[in-house]
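Take a look at the structure set out below.
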Amino acid sequence: MPGSEPYGRLQYREINGKRMAYIDEARGDAIVFQHGNPSSSYLWRNVLPHTEGLGRLVACDLIGMGASDKLDGSGPDSYHYHENRDYLFALWDALDLGDRVTLVLHDWGGALGFDWANRHRDRVAGIVHMETVSVPMEWDDFPDEVAQMFRGLRSPQGEEMVLENNAFIEGVLPSIVMRTLSEEEMIHYRRPFLNAGEDRRPTLSWPRDVPLAGEPAEVVAVIEDFGEWLATSDIPKLFIRADPGVIQGKQRILDIVRSWPNQTEITVPGTHFLQEDSADQIGEAIASFVREIRAGDNLHREAAPEMNSAS
């Protein structure tokens, strides 16, 4: 049975006047785990132990999520992609992640991490990604029931579904985990969104930003931009595919993601929140991937003096 206890100790940093929460354990080259909607660093609790001893382990809570502060006076224009990006990237800057960063990305953490990597190409040692927002999507890329849910969330009904009824936590989250989440686990996931109304706004803004049928255009542009780079970048990549998956289950999406160069693929059981069903396999795969990167770094360092002496 997967463990329900959080990993590590939450720390806090003030970013743009708001307190943001994060885990920051050990030292060395940073391995940065980034969640999406509606989760938090708690999602990685059973994955992180497998990477102990491999470097500095960092997992941040997005603004308004997990243990991070809520925004003041939020409304329909709050917690969208670019605002989230501003807060997260400022936190990463404040944490001084270094120049050999391995990114481990899920859901909207994927779009954010790919975006950061595209902007800091010379600082990225490797990228691990799973069930990420990574490609502009069409409605038929989703299973019918998921498409119907997103249509509701993106309609005027979305406020009632999420702000009043907490649909993403009480309905969506448990429905796309293969096992049944324990009550203790659900308590952790519910905690940031116990209060009805604007405290739940992040879990509504995110699905309204999913790049569907060309909208919202400003998010599609970001994803197209980093997608062009990923299609040609030789940075080492590990694609952890969920079987059957949700947002990367259709062949069109898989074909695009699989075309990225210098990439290894493994498959684990899971729908969307695969960390809740296959944490051990995911953690072991990440650890193996990081060890391979480290071995390549060592070979490069050993070869450099020989090249210099030969010249």
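In case you wondered, yes, glycine gets a Cβ from its N, Cα and C as well.
Listed in Swiss-Prot:
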type: ACT_SITE; residues: Asp107; note: active site, nucleophile
type: ACT_SITE; residues: Glu131; note: active site, proton donor
type: ACT_SITE; residues: His272; note: active site, proton acceptor
type: DOMAIN; residues: 30-148; note: domain 'AB hydrolase-1'
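Of the listed active-site residues, namely Asp107, Glu131, His272, the sparsest CB environment within 10 A is found at Asp107. For the domain 'AB hydrolase-1' (30-148), DSSP puts the residue distribution at 46 helix, 27 strand, 46 coil. The separation of Asp107 (active site, nucleophile) from the residue listed as 'active site, proton donor', Cα to Cα, is 6 Å.
Mean model confidence of the domain 'AB hydrolase-1' (30-148) amounts to 98 (pLDDT, 0 to 100 scale).
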